[in-house]
Amino acid sequence: MKPTQLMIRYGELSTKGKNINFFIDRLGRNVKNALEGSYPNVEISWFRDRMYVELNDEPSDEVVERLQDIFGIQTISPVLQVEKTLEAAKEGAIEIVRPFVEEAKSFKINTKRADHDFEYDTMELNRSLGSAVATTFPNFDVKMKDPDLTVRTEVRADGIYLSVETIQAAGGLPVGTAGKGMLMLSGGIDSPVAGYLSMKRGIDVEAVHFASPPYTSPKALQKAKDLTAKLARYSGQVPFIEVPFTEIQEQIKKNIPEGYIMTVTRRMMLRLTDLIREQRGGLAIMNGESLGQVASQTLESMLAINEVTATPILRPLVAMDKTEIVEIAQKIDTYELSILPFEDCCTIFTPPRPKTKPNLEKVIEYEKALDVEGLIEQAMAGLKIENIGPDSIQNQVDEELFEGLL
Ligand code: ATP
Ligand code: MG
């Protein structure tokens, strides 16, 4: 007998007071979006304290795996619904523990009775189911305190529900409940992780990527799109906004003293991202900066770059070490893509030794050599926007590996 439904417990959102319905509705829609396409038979219903996914023969393991990526879900329990008879409950209990008896040594039955008209009370049910399980699996002992396995049994009006597993999910807040934010997404290790963490706190992320063809290749662009697809697993879809950046970089290279190229480049990126944010109704900008990691990520640099806007800039990685960031990148499966060796628009134009302590007055002075407004207008006129879903990955990792073997 396979699980008939999945029971979902919410995490932190259960503390959101009056807003709770807004959070749960959003979570419900996110769950629906994530499952509908691949598992058309599932039926989803949500209530104040729980959400249920009726499987209707869709594969439980696969659906659980999808649900584990959805922020706002704390735990998932596969549930077996049986007829409301003692015999059916016994049989159900035996079947539901069967996959675990190799590893688990002890168990207990924990019954709740929502339907008080049922002819057996909780004590009787605990005892009958317990002895049915213990007789079927002689090495599996009843243990009331700290058993390896707890068989939760609920008697409700429409049947008896049994479950043994509590599977951890992603936690966090449902994507979308915090509003929209623009992620500055390069092809590196850090920015996808920053995107993931932003989604974890409920931000509806849109990716902004600066490309400088022909200095940067179509493969580098595709890599950024593939990273976006990895992030789309957590929200269903992520808009990808490609910004043409070649002209701006050429102008900067021509007109700005070497030590300040990086600072001015970042200021142009930020101005553009902020305009895109405004056009698309975003409330914040996120990037992958981590304090002290490279020249552009000192406090002096941040001050000089940040000066172009008052929009909140969220830096989810600011206090993380590289090893911690890499760990998350591996967990969310972006690491292998990120380390593919495609040229980045910044590294190509940035001289080896940018100023780590740029002076804001000088920056402003140097920038006068550029037609900032004209360049921005031109770049904004050339934006390319596409929606990227989780399945649109072009598997460059395999391709690269293959080429390496030849
Ligand atoms: P990452 O691994 O995210 O590239 P990094 O440590 O390499 O970060 P930088 O290259 O200095 O650091 O970039 C700092 C941040 O600036 C990035 O995390 C990203 O948010 C943004 N950024 C850099 N290059 C681009 C780009 N081509 N398009 C969009 N955003 C970018
Ligand atoms: Mg980078």
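Numbering starts at 1 and runs along the chain as displayed.
Every residue, even glycine, has its Cβ placed from backbone N, Cα and C.
Caution: TrEMBL annotation is automatic and unverified by curators.
For 61-166, the entry in TrEMBL reads domain 'THUMP'. Feature annotation from TrEMBL assigns ATP binding site to Met184, Leu185, His209, Phe210, Arg266, Gly288, Gln297.
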Return the members of Met184, Leu185, His209, Arg266, Gly288 (the binding-site residues) with CB less than 6 angstroms from at least one atom of ligand 1, or none.
Met184, Leu185, His209, Gly288
Based on Cβ atoms within 10 Å, give me the single least packed residue among the binding-site residues Met184, Leu185.
Met184
Check the domain 'THUMP' (61-166) for me and report the mean pLDDT.
95
Count of other CB atoms lying within 10 Å of the CB belonging to Gly288 (ATP binding site):
25
Quick one: what's DSSP say for Leu185 (ATP binding site), helix, strand or coil?
coil
Using Cβ-Cβ distances, find the residues under 8 Å from Gln297 (ATP binding site) that belong to the same chain and are at least 6 apart in sequence, listing them in sequence order.
Glu289, Ser290, Leu291
List of residues, in chain order, with Cβ under 8 A from that of Arg266 (ATP binding site) and at least 6 apart:
Ser296, Ser301, Ile305
